[in-house]
Amino acid sequence: MLTYPNIDPVAIHLGPLQVHWYGLMYLLAFLCAWGLASYRTKQRDGWTSDMVSDLVFYGALGVVLGGRIGYVLFYEFDKFLENPIWLFQVWTGGMSFHGGFLGVMIAMLFWCKKYQKTWFQTLDFIAPCVPTGLMLGRIGNFIGGELYGRAVTDPNYPFGMIFPTDPLHLVRHPSQIYQALCEGLLLFIILWWFSSKPRPRMAVSALFLMGYGVARFVMEFFRQPDADQGFILFGWMTKGQILTVPMLLIGLWMMWYAYQKKIYDWGPQKNS
């Protein structure tokens, strides 16, 4: 069994001001996205560092607003009905990937209109930069002792640990680390490699949807469902899995469509 490091969830103390690791990870995620996207401008015609800075700003707004609103609508709508002001109490925690994803999609529409880029040109460009942010977010969850995994059933399992925030004090899967490695690091490597060569428009975005969909669906088997949600469908599917299925199906269709149309935005096959 592993020992939980029990890191102080507050990274920086400045008098009454406290900066939590989870918030710091969001900042690092946006900085990583900016750095990676800036590097990608060297390989793509028609992209500049100013465009990337604006793109990351729009994306950050989409993540924060969409993530919070999505969490409230998907997971805590009853609490919102009881106290609508709770929506704005972001310091109490609660962000949804699926809500953040939708928020980014909407934000990208405004950015595309400003810079005269198509939606999928933009998504294909930025998609490989996203998994590092997902990885850092899950590390933030781990440090905060939240969203831990299900109880370990095998007493000889070497990677289980007891989280101080778990009222039952059971040996659990460190599912945040599993997700950081699969939805974050592994997906980043796959997308970065795939996008390093010219691909049809929509193909990179499609691979992101499929890759995240598969990784999240599998990781949900290790993650403890929210106490007020439990298993929603068939006695074993969680809310996270239900929300991920459409992403996977849309990604499959997009990949098929991309290779049917074969529209290239860069490289020797670029369409004029």
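Any Cβ shown, glycine's included, is placed from N, Cα and C.
These features come from Swiss-Prot:
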- 17-37: transmembrane segment (TRANSMEM)
- 55-75: transmembrane segment (TRANSMEM)
- 90-110: transmembrane segment (TRANSMEM)
- 125-145: transmembrane segment (TRANSMEM)
- 174-194: transmembrane segment (TRANSMEM)
- 202-222: transmembrane segment (TRANSMEM)
- 230-250: transmembrane segment (TRANSMEM)
Q.
I'm a bit unsure how to read this: which one of 17-37, 55-75, 202-222 has the highest number of Cβ pairs shorter than 8 Å with the transmembrane segment (230-250)?
A. 202-222
(Q) Do any residues, 6 or more residues outside the transmembrane segment (90-110), come within under 8 Å Cβ-to-Cβ of it, and if so which ones? (A) 22, 58-59, 61-76, 119, 122-123, 126, 134, 146, 216, 240, 243-244, 247
